[in-house]
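As given in Swiss-Prot:
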- 35, 36, 37, 38, 39, 67, 106, 135: 4-amino-2-methyl-5-(diphosphooxymethyl)pyrimidine binding site (BINDING)
- 68, 87: Mg(2+) binding site (BINDING)
């Protein structure tokens with residue numbers, strides 16, 4: 001299972017669609033990974049959404065990741081958890097999760113990527129790769145140069161997140177990313193399934209060109 005197209009749900013830009021709706025539509029468009037992310041929802045409601053998305057991703061053959069909430073991820077039977085810089089440290093999470101449980105880590109530098117790899121991360125995500133409006137606290141983009149540096153420093157799967165669009169996805173793949181994580185480029189679109197499918201096709205074309 002790869003990380004080519006990694007879709008993060010966000011009800012605030014989902015045009016009235018729920019996390020479950022967005023996950024179903026993105027999975028239909030070929031998303032390889034669905035991440036449930038919502039910093040506002042109470043744990044009980046987040047778990048309810050996670051259980052529903054677990055069923056959707058299982059049927060679609062996609063990975064299911066929960067952002068930040070390790071407890072919800074484990075309770076829902078998710079494939080893994082994604083941890084940001086201010087979340088539980090990767091090493092502590094690795095110590096308590098079941099075997100085979102995936103841990104992803106947001107990183108903003110080579111040093112952070114190397115540290116995450118050493119602590120047991122299964123993949124790292126350069127965040128933000130470009131400036132983005134999807135996360136208020138994302139900060140300025142790290143750029144393609146940082147992506148290339150991290151690619152040279154770690155052998156883990158590398159995902160680019162932040163400001164990824166159809167216009168720049170080929171450059172991101174050429175810089176060494178194994179996949180891209182997107183929010184607005186898919187879940188903010190009117191036709192989520194078509195947006196996911198189009199982006200996935202662009203990723204596949206970029207990878208084929210780089211071979």
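Every residue, even glycine, has its Cβ placed from backbone N, Cα and C.
Here the features listed in Swiss-Prot are painted onto the structure.
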residue: 35; record: 4-amino-2-methyl-5-(diphosphooxymethyl)pyrimidine binding site; Cβ contacts under 8 Å, 6 or more apart: 6, 7, 8, 9, 64, 65, 66, 67, 82, 181
residue: 36; record: 4-amino-2-methyl-5-(diphosphooxymethyl)pyrimidine binding site; Cβ contacts under 8 Å, 6 or more apart: 9, 19, 23, 46, 49, 50, 53, 64, 65, 66, 67, 78
residue: 37; record: 4-amino-2-methyl-5-(diphosphooxymethyl)pyrimidine binding site; Cβ contacts under 8 Å, 6 or more apart: 8, 9, 10, 67, 68, 82
residue: 38; record: 4-amino-2-methyl-5-(diphosphooxymethyl)pyrimidine binding site; Cβ contacts under 8 Å, 6 or more apart: 9, 10, 11, 19, 46, 49, 67
residue: 39; record: 4-amino-2-methyl-5-(diphosphooxymethyl)pyrimidine binding site; Cβ contacts under 8 Å, 6 or more apart: 68
residue: 87; record: Mg(2+) binding site; Cβ contacts under 8 Å, 6 or more apart: 68
residue: 106; record: 4-amino-2-methyl-5-(diphosphooxymethyl)pyrimidine binding site; Cβ contacts under 8 Å, 6 or more apart: 82, 83, 84, 85, 124, 125, 127, 161
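Classification of residue 39 (4-amino-2-methyl-5-(diphosphooxymethyl)pyrimidine binding site) by DSSP places it in coil, neither helical nor stranded. If you draw a 10 Å sphere around the CB of residue 68 (Mg(2+) binding site), it holds 19 other CB atoms from the protein chains shown. Within 10 Å of the C-beta of residue 67 (4-amino-2-methyl-5-(diphosphooxymethyl)pyrimidine binding site) there are 21 other C-beta atoms, taking all protein chains into account.
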